[in-house]
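Novice: Below is a structure I'd like to ask you about.
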Amino acid sequence: MKMAALCSEFGDLAQIKKQLISVISLCKERGLLHSAKWASELAFALDPLPKDELPPAPPFTEEDAQDLDALTLAKSYFDLKEYDRAAYFLKGCCSQKAYFLYMYSRYLSGEKKKDDETVDSLGPLEKGQVRNEALRELRVELSRKHCARELDGFTLYLYGVVLRKLDLLKEAVEVFVEAIQVLPLHWGAWLELSNLITNIEMLKSLSLPDCWIKDFFMAHMYTELQMIKEALQKYQNLIEAGFSKSTYIISQIAVAYHNIRDIDQALALFNQLREQDPYRIDNMDTFSNLLYVKSMKPELSYLAHNLVEIDKYRVETCCVIGNYYSLRSQHEKAALYFQRALKLNPRCLGAWTLMGHEYMEMKNTSAAIQAYRHAIEVNKRDYRAWYGLGQTYEILKMPFYCLYYYRKAHQLRPNDSRMLVALGESYEKLSQQVEAKKCYWRAYSVGDVEKMALLKLAKLHEQLNESDDAAQCYMLYIQDIFSCGEQLEHAEVSTALRYLGQYYFKNKLYDEASLCAQRCCDYNDAREEGKALLRQISQVRDQVETPSADLFAPLSNNTPVRRVSPLNLISFTP
């Protein structure tokens with residue numbers, strides 16, 4: 001029943017295939033190769049059409065016939081990246097196709113000159129004032145045509161790109177929405193629009209056409225806005241609707257799992273993707289990030305060598321090699337490969353962020369700050385760059401700056417405990433203890449990845465002489481660590497046990513104090529204190545013991561700590 005409902009929502013899959021075949025042809029004619037590739041991969045995932053059901057060629061107008069020779073010649077120059085030459089022969093052509101290629105050639109010529117000048121004269125970290133000089137002229141011409149309603153879906157897309165490059169973002173959003181309404185099947189316009197959407201409210205406010213491709217866009221946007229649960233549901237719906245063979249969907253699901261740090265699931269999907277499409281380079285930089293996090297040196301080495309054999313001058317290949325050298329702690333070499341990636345594509349978000357990490361490792365904070373700032377210029381939703389900036393200013397002992405950048409990172413990743421712990425540390429340094437407590441408790445509540453939030457909260461309570469709250473947090477911390485089976489690797493357990501032993505002793509709960517003291521003896525740094533506490537307990541055992549107090553009565557209002565049962569250390573073996 002569910003499958004039927006989805007198919008009806010998507011209509012006839014054969015009809016979708018026809019639409020994809022048509023738009024592939026239209027994009028190829030205009031040099032929009034990435035959109036053509038996306039549509040081709042999606043069409044490949046659907047069943048082939050019988051010969052008599054293939055879509056007819058697009059209508060050929062009198063203007064097309066008149067411009068045919070010039071367009072054929074110019075397209076051959078365009079394909080060889082001779083953009084000025086292509087534009088020269090298209091000047092004066094009047095068909096829609098020729099006009100788009102004429103304007104697009106001028107735009108790409110300006111972009112190529114800008115990138116060449118940036119790389120040659122400035123180096124990857126210098127900001128400079130290099131601009132695409134063609135943008136203003138293109139805007140004037142396209143604006144005039146737009147007012148006269150003479151732009152088709154493709155030229156509207158180009159107009160939107162020009163506006164975005166000139167930082168006229170509000171106008172760009174309006175034009176991209178218009179381009180999508182005129183030509184819903186052009187994926188490039190949807191992607192450009194996705195880069196300008198900053199939050200879910202803005203997404204909901206847009207008037208988008210009700211077309212099957214909108215589901216792909218919404219899934220992509222949910223991933224970008226870190227709404228991973230919704231994104232995974234959308235992709236699952238698409239798979240059930242008939243796109244189960246789509247490598248694009250598999251890669252997007254893998255990226256979604258990467259974003260929520262479900263590393264094993266993401267790795268499994270990337271390995272599946274490599275089996276289906278062994279020469280694929282797209283998204284392999286994300287795959288290498290996962291291998292890096294898991295310290296899988298042989299696998300990362302194999303991936304790097306494999307990609308070098310396929311195409312050593314791809315951005316993703318350079319990023320994978322950079323990650324490999326970073327894992328081997330060869331940070332200068334790693335930074336060099338990230339710089340190479342940026343020479344190939346100065347707008348490569350991952351390379352800017354990863355280069356910032358390498359400069360951090362080399363203690364070059366000024367270069368790290370510049371790299372992270374470039375990453376944010378490319379994409380303001382990159383939480384890693386905001387977080388990286390917070391870390392660099394932390395090293396520079398500038399907590400007000402830290403707070404600003406960590407807040408930005410937290411807004412993008414509200415349920416990431418690392419951002420919350422970093423925020424708490426910044427508040428603590430600024431003597432804003434109430435805010436720090438809230439951050440640490442929230443970090444624990446959302447699932448503390450690094451198991452540090454409760455410890456930091458306990459130490460903060462300890463500094464403020466809030467002994468009951470501190471003890472409660474230390475208890476929760478120890479239970480958390482023991483339940484994960486990580487107690488031997490975690491040095492701070494002895495700190496918690498030492499405090500709890502003294503706390504129980506002061507409250508005349510000698511059985512619990514004795515247990516903590518015995519456990520202290522299992523740790524080198526707390527052994528002597530544990531023995532001393534045991535001696536103290538044995539001395540007071542001779543006296544009449546006071547009945548145990550109610551340790552777990554409601555705590556002070558500073559921390560919203562829940563009630564827990566008394567700490568049962570007997571059941572755990574360190």
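Backbone N, Cα and C define each Cβ position, glycine as well.
Just so you know, TrEMBL annotations are computer predictions that nobody has curated.
I grabbed these lines from TrEMBL:
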- 15-254: domain 'Cdc23' (DOMAIN)
- 247-280: repeat 'TPR' (REPEAT)
- 315-348: repeat 'TPR' (REPEAT)
- 349-382: repeat 'TPR' (REPEAT)
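Give me the structural setting of these features: burial, nearby parts and distances.
Specialist: Beyond the ends of the repeat 'TPR' (247-280), by six or more residues, the same chain brings 38, 41-42, 45, 219-220, 223, 226, 228, 231-232, 235, 238-239, 286-287, 289-291, 293-294, 310, 449 to within a C-beta distance below 8 angstroms of the stretch.
Panel annotation: around the repeat 'TPR' (315-348), residues 115, 118-119, 124, 281-285, 287-289, 291-292, 295, 297, 300-301, 303-304, 307-308, 354-355, 357-359, 361-362, 378 of the same chain, lying at least six beyond its termini, place a Cβ under 8 Å from a Cβ of the stretch.
Outside the repeat 'TPR' (349-382) by six or more residues, the chain places 124-125, 127, 195, 198, 224-225, 285-286, 289, 315, 318-319, 322-323, 326, 329, 331-332, 334-335, 338-339, 341-342, 388-389, 391-393, 395-396, 412 with a CB less than 8 A from a CB of the stretch.
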Novice: Over the span of the repeat 'TPR' (315-348), how high is the average pLDDT in this prediction?
Specialist: 92
Novice: Please count the residues of the repeat 'TPR' (349-382) that DSSP assigns to helix (H, G, I), strand (E, B) and coil.
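Specialist: Across the repeat 'TPR' (349-382), the residues distribute as 27 helix, 0 strand, 7 coil.
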